[in-house]
Amino acid sequence: MCGVVGLYHPDGELAPRLAYYSLFSLQHRGQESAGIASFDNHIRQKKGMGLVTEVFSDEDFELLAGKSVIGHVRYSTTGKSKIENAQPFVVKSKAGYIAVAHNGNLVNYVELRNQLENEGRVFTTNSDTEVISQLLSKFLLERKDITYALESLNEYLVGSYTLTMLFDDTVVGFRDPLGFKPLCVGRIDEGYIVCSESCAIDAIGGKFIRDVKPGEAVIIKDGELEFVKIADSERRAVCIFEYIYFARPDSTIDGISVYRARSEMGKVLARESPADADFVSAVPDSGITAAIGYAQESGLPYFEGLIKNRYVGRTFIMPAQSLREVSVRLKVNVVRENVRGKRVVLVDDSIVRGTTSRRIIQMIKDAGAKEVHMRIGSPPIIAPCYFGIDMKSREELIAANHTVEEIRRIFG
């Protein structure tokens, strides 16, 4: 899962700063690397490893001055977590400059790369986004027409792909026909922004226009906004993890408030799995909204049982299990005053590997809780994802290999 931004603003000095602020608002979608590319007669870019605030400085915005800008925050699915795979990717050809930022995962990445290499194209990374960049360059050389390039691209790609792109000074956003990953459009002053979540539009004082429909492209050229239907599908496959975990609660995706979705999950959970307890608490931050919904429906009070260290990243989107193990110990601490001698309903959004839940339950018990009743806002995750979530095998998914009762015993 990654975050993407595309932005046009008539003030070329302001545009890259607005992209920076937007990426900062999407930081929860990826913390491994960040990058911005802009166009001013040619494409210039800056990208690096780390958080948005660690990658960019004031001096960078002078370098990146340009009215047309795209940006990216990365969480790796295809391609290791290293600077070579940071995005956006930039390609220069006889068709002009192309920059691409990608949220998703290509299932047929290896097949496409082999095909392009046989045609003589050279790759410098092992990222599927570079494949997309090379394909776009190929199609634009055939016909310098953005709609044609996107239609051709869509025929080749298998997987999930929400893209923001620069074709010289034209900003383009594109969402795959199944609508796996979110994309929306907003107005900012005399310009426009296309981005992964509506919270990024709010952050820069913009006005939300609408979601980009599955199979639709948005083209921003010379300050004009155009929606173009590229492809269609009767099927929809919106990633449920957006509503469960990834998206910010203050975002709206495809007309549905993420906050309301999580709150309703908590209310349904309270009806399905009530508990005889003293209060409801949450695993912060992603479990909070569902926990509030659970408390409202059950009539139990809501208290903080855990306090999060705000300077530790999200454990689920860290690239290695060893890092997740350490991160759990640093991520949260128990409010002993609240849990001592109490029966606690602990609500979390999901269980993937079980690393966080197991350790947190033990921490609460060690702090003196009489009972811990674990409640999960999403159904058991029993199958891997090949479309942009870091769950590549059944072996790593605790619910795929254990019953609910077995998981209860494992968690203690």
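Backbone N, Cα and C atoms are what each Cβ position is placed from, and that goes for glycine too.
For Cys2 (active site, nucleophile), the same-chain residues that are 6 or more apart in sequence and have a Cβ closer than 8 Å to its Cβ are Arg29, Gly30, His72, Val73, Arg74, Tyr75, Gln87, Ala101, His102, Asn103, Gly104, Ser196, Gly388. Residues or ranges marked as active site, nucleophile by TrEMBL: Cys2.
What TrEMBL lists as Mg(2+) binding site is Ser286, Asp348, Asp349. When secondary structure is read from DSSP and collapsed to three states, Asp348 (Mg(2+) binding site) falls in the strand class.
According to TrEMBL, the feature domain 'Glutamine amidotransferase type-2' maps to 2-223.
The number of other Cβ atoms within 10 Å of the Cβ belonging to Ser286 (Mg(2+) binding site), over all protein chains shown, comes to 22. When the neighbouring Cβ atoms lying within 10 Å are counted for each of the binding-site residues (Asp348, Asp349), the highest count belongs to Asp349. DSSP assigns Cys2 (active site, nucleophile) to coil, not to a helix or a strand. Ser286 (Mg(2+) binding site) falls within neither a helix nor a strand when secondary structure is assigned with DSSP, and so counts as coil.
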